[in-house]
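Novice: Sharing a structure here in structure tokens format.
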Amino acid sequence: MQEQYRPEDIESNVQLHWQEKQTFKVTEDASKEKYYCLSMLPYPSGRLHMGHVRNYTIGDVISRYQRMLGKNVLQPIGWDAFGLPAEGAAVKNNTAPAPWTYDNIEYMKNQLKLLGFGYDWDREIATCDPDYYRWEQWFFTKLYEKGLVYKKTSAVNWCPHDLTVLANEQVIDGCCWRCDTKVERKEIPQWFIKITDYADQLLNDLDTLESWPEQVKTMQRNWIGRSEGVDITFDVAGSDEKLTVYTTRPDTFMGATYVAVAAGHPLAQQGAVNNPALAEFIEECRNTKVAEAEMATMEKKGMPTGLFAIHPLSGEQVPVWVANFVLMEYGTGAVMAVPAHDQRDWEFATKYGLPIKPVVLALDGSQPDVQAEAMTEKGTLFNSGEFDGLDHQDGFNAIADKLVAKGVGQRKVNYRLRDWGVSRQRYWGAPIPMVTLEDGTVMPTPEDQLPVILPEDVVMDGITSPIKADPEWAKTTVNGQPALRETDTFDTFMESSWYYARYTCPQYDKGMLDPAAANYWLPVDQYVGGIEHAIMHLMYFRFFHKLLRDAGLVDSDEPAKRLLCQGMVLADAFYYSGNSGERVWVSPADAIVERDDKGRIIKATDPQGRELVYAGMSKMSKSKNNGIDPQVMVEKYGADTVRLFMMFASPAEMTLEWQESGVEGANRFLKRVWKLSYEHLEKGAVQPLNVATLTEDQKALRRDLHKTIAKVTDDIGRRQTFNTAIAAVMELMNKLARAPQESEQDRALLQEALLAVVRMLYPFTPHVCFSLWQALGGEGDVDTAAWPQADEQAMVEDSKLVVVQVNGKVRAKITVAADATEEQVRARAAEEHLVAKYLDGVTVRKVIYVPGKLLNLVVG
């Protein structure tokens, strides 16, 4: 064993060993308990960032720990390879998306290997591989045959720059999240999958996910948004038109004073026929932002249509307005407004001088003051005719029943969740396997023509998808008839919704999944990924699993038992103001900083001497130029140090602040472990440990060792508080370094401790532990070693240290037998000179005893 810890000498050799021995390759083995650990697959952007490193280190720690417990552990990796960034990069670099993507995969694969992640590389997949997406296409055709897929014209957010549809969440301040172009509304035909058919299952099964973060489950519940209410139909005055609204508060119905409709509603169009101002407003609404997160904060605007709806119970006429906060794709595209009891309706009514009629009493039974704001609490009805005096639930039922009886109402369960639009007008994605015959018949691509392969040798002009620009590509024949292929491609969430299942059988060519392999490995035991995926990816992931189950391909109801959402990685951010006042962000690596005595940054300059503004810690990003290249850190400190810092600096689910001083601290710790091991081995062979002959000090040290094993086992396995596990090993190492090494049993105890420390650190720092295990004479490779077991006997304390107080002041510390009674402790305390002198001539009025810890004698 060399004297100095030099990761550059160790890590590449250990990685080569793993590669040659195929250490992490697994197959199904019914004789062993399986464990499937999965981190969300990366997009091959070209370089790993620290967010990747954190995600994959967490997954690797869990995988290695579970393997040491004797389980058959699957930890695969692959590439979420389709997507818009590849098209932009291809245009910029004058290439095609495919070679750019494959080059990035190769580069990032090598980066992952440098970090020592224990993947089964034989299971690697890239979602742009036709052997992968052929089964996605096949499954889509089966969903179509089951009636779960349909095509309809839909209003979408359209980015005129990227020429693609954007999800509501991708519209920021009315602009495209990627290129900042103003977004337009456009009607185009799109393919949808009926996720709404599974809304109740998706909602109810959240209760079975006991090991998922509550935050994620709450976000999904809100996204599904199940509500019970009533569809109410209004007649339109002077017309045969009908107007239907959905409400969850029929108890407030007698307070409805206007109806608001979406810009795309037929009544809006009708009102605009002879009203140019309304037509202009409708056009403005069509092109306005519709991201739901911004709905609550944006300015509420409206315009009257000139039409009136007739209240079906009171017979009163209420005006119909077009409002920018009503969306055609949600519910019926119309809402009844009760401004006295809904804040949004109140703001709109106040702005435009519409009536506000309270119909629910305040909680104290008084009439509510609705001049300053709406009264939104539920309560007793008044001002509601025959329904006066009813409480919320009775009012809800009575008004709903009356509407149903009159034929103008229908009780209904509604969902916020909308069907999944899977069409994208981009090139770099899996072609949607549908064709249109000459007679207009639309049908799935026949199975024997799958996969519909995306041509990869293309020229990108940055404007039109190559498969849309080339009329020849779309031409095909089905049953001898000419047909045209669909030129839209799948939303890339399609690929990432089932990749976890394909990992169980990536080479299987007889079907989408090998049921035997899939049902051996699934569900995933541990999934690791960011909280930002809570409602999109993780919802589709769960939905797809239920589709696979209903197709007979998997047996389980849910795809993953346990979910860990790691926090973001933050770094210092610096900028200076450019010539036009814009912020020019400077990499932290180039910032020369001065700190105060508490380590806070007080001044920063760039290499040219420009003064920099310190913008604090923020998420590592290209936009703020504050990403830290993992490769640079690995080359400087070694992969084990980077991994250890990532797991120690913060609890896994919290944000992590990147501090190079912390990385240096992790490196120093590994050097200490190496140094202690080296010094121990330099003293020669070690005798077997004889537990029966240990001194009290040796027993105490061994007790600390086995308590640490118990704590680290619980911290990694159950609590997943990896940082506290590492802290416990560090604390133990401090004790080991201070322990005497004079006798044979001192050295035998240190040998036991070091072999345990190496195994406890192995999931975090596998390379150095591999080397130390060999040097210390561990059996076989540490990769196949068993996790250390805490010795219950060793943890039993023969004695306890009890603090003795008199009137609350510490007077002595005494050692007593671990099972000593209170009387024995009091007797022992009375023997102490420092205690006895305070008891002389006084009466003990009260005794406070905390067993094994504290004795407080209150005297007077």
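The backbone N, Cα and C atoms fix where each Cβ goes, and this holds for glycine too.
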Novice: If you look at how Swiss-Prot annotates this chain, which of 109-113, 619-623, 719-723 comes out as motif ''KMSKS' region'?
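Specialist: Checking Swiss-Prot against the ranges 109-113, 619-623, 719-723, the motif ''KMSKS' region' one is 619-623.
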Novice: If Swiss-Prot is the reference, give me the range from 42-52, 207-217, 416-426, 460-470 marked as motif ''HIGH' region'.
Specialist: 42-52
Novice: Per DSSP, what is the helix/strand/coil residue tally across the motif ''HIGH' region' (42-52)?
Specialist: 3 helix, 0 strand, 8 coil
Novice: Suppose we draw a 10 Å sphere around the Cβ of Lys622 (ATP binding site). How many other Cβ atoms does it contain, all chains included?
Specialist: 10
Novice: Taking the motif ''KMSKS' region' (619-623) alone, what is its mean pLDDT?
Specialist: 90
Novice: Is Lys622 (ATP binding site) helix, strand or coil when read with DSSP?
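Specialist: Where Lys622 (ATP binding site) sits, the three-state DSSP reduction gives coil.
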